[in-house]
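Colleague: If you scroll down you'll find the structure; I have some questions about it.
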Amino acid sequence: MATATEKLPALQSAVAGLNEISENEKNGFINLVGRYLSGEAQHVEWSKIQTPTDEVVVPYDTLAPTPDDSSEVKNLLDKLVVLKLNGGLGTTMGCTGPKSVIEVRDGLTFLDLIVIQIENLNSKYGSNVPLLLMNSFNTHDDTQKIIEKYQNSNIEIHTFNQSQYPRLVVEDFLPLPSKGRTDKDGWYPPGHGDVFPSLSNSGKLDALLSQGKEYVFVANSDNLGAIVDLKILNHLIQNKNEYCMEVTPKTLADVKGGTLISYEGRVQLLEIAQVPDEHVNEFKSIEKFKIFNTNNLWVNLNAVKRLVEADALKMEIIPNPKEVDGIKVLQLETAAGAAIRFFDKAIGINVPRSRFLPVKATSDLLLVQSDLYTLEDGFVIRNKARANPENPSIELGPEFKKVSNFLGRFKSIPSIVELDSLKVAGDVWFGAGVVLKGKVSIVAKAGVKLEVPDGAVIANKEINGPEDL
């Protein structure tokens, strides 16, 4: 097996011959692999970790109110760009194409809602907040076709691609495409930490700075809670913070999420992969590490330019092993949240849970399509009739995994305002106007089709067959 110093020259030579990618991409990839091979320390010294103070992780309710004067609000918004991470496919939910075109509610997709929200802001304040979509090579072509429908909208939409890197063959550390795999399976997008160099390489960063833009609000396209917040924007501009990560209190569902710590005088993201084995349970504790990263990030564009040009953004590398047709390959990725420690005056803001509403599976889709939420001006708003601040936990069996199957099994989405938890498995079908309350479990035995009748009200009940209904 070649040593680390022997691997890099052979890899450099092979990558130089890959004509499908740019020189910037080749250099970025070699740089990333070089850092990986040098074995940069990923672990933190546990004894040096400190809980951040309220100056470092600012409570949302201490932020100054939004200015009353609409011209002041317009001035704030004219400094802002919204960037949605749009590189993911809808494959885990059984959909083809970009995940952002899955219909969320009332026939509207994630992308429709994002456009409506920003259009409303621009119309209300006479501002010009543009929308940037960072695509991957997996989503670029489809996205270009989809955004044509927004041509007459009151919003400028720009797209750019994140980097395209070759997958590494584990056995000899050479790029998979140089072995003849030049289709999409030979390549990968290197995580959303790539947003900063890609914004620069695309020319978009300089263009935005020349238009007087100062801050970019970066968020996942599938987080319905990630809407423009004027209080946060105002706070960052007033305090000249270069970077802000929105965090929110952990629940038991979030114990693996990255958290913010103070470390050697700087604020830093701590991910579970960096935690020594003997401290993993402590890391998961809600008492000790109370907050987690929502991946809603606000970043100063001048600072991005300074740090990218200095090649200073050396985020922790996340090795992601995969297999392509029986060949073991490696993807090296980085995360945008890990960049926080390189920016000056970086802070977290401890935001309400409503700003974190991701749709990762059909169980999340059930929540947002139900009476637990309403849609107003593109915003998904929680129903005040729900007394419990936490959403019900929902577990759907594999029969509901694909969006088409999920939609087919509900005549209409049940009322769940008073639901605590729901477990559904097996061949279960729901009629119209069903109401679920408390703790409900509906599990059909193998070979049994279970149909919940129209208008059924099920409260604190376990159902295993038609006789239980």
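Just so it is clear, glycine is given a Cβ too, placed from its N, Cα and C backbone atoms.
Those TrEMBL annotations? Automatic predictions, nothing curated.
What TrEMBL records for Lys99, Gln162, Gly191, Asp222, Lys360 is UTP binding site. Taken from TrEMBL, the feature substrate binding site covers His192.
Relative to the rest of the structure, where do these features sit?
Modeller: Other Cβ atoms within 10 Å of the Cβ of Asp222 (UTP binding site) number 22 in total over all chains.
All protein chains included, His192 (substrate binding site) registers 24 other Cβ atoms within 10 Å of its own Cβ.
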Colleague: Using a 10 Å radius around each Cβ and counting other Cβ atoms from all shown chains, which of the binding-site residues Lys99, Lys360 yields the largest count?
Modeller: Lys99
Colleague: Between the Cα atoms of Asp222 (UTP binding site) and His192 (substrate binding site), find the distance and write it as a whole number of Å.
Modeller: 14
Colleague: For the UTP site as recorded (Lys99, Gln162, Gly191, Asp222, Lys360), determine the largest distance between any two Cα atoms, in Å, rounded to the nearest integer.
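Modeller: With Lys99, Gln162, Gly191, Asp222, Lys360 as the binding residues for UTP, the largest Cα distance is 21 Å.
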Colleague: From the binding-site residues Lys99, Gln162, Lys360, pick the residue whose C-alpha lies nearest to the C-alpha of His192 (substrate binding site).
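Modeller: So, of the listed binding-site residues, the one sitting closest to His192 (substrate binding site) is Gln162.
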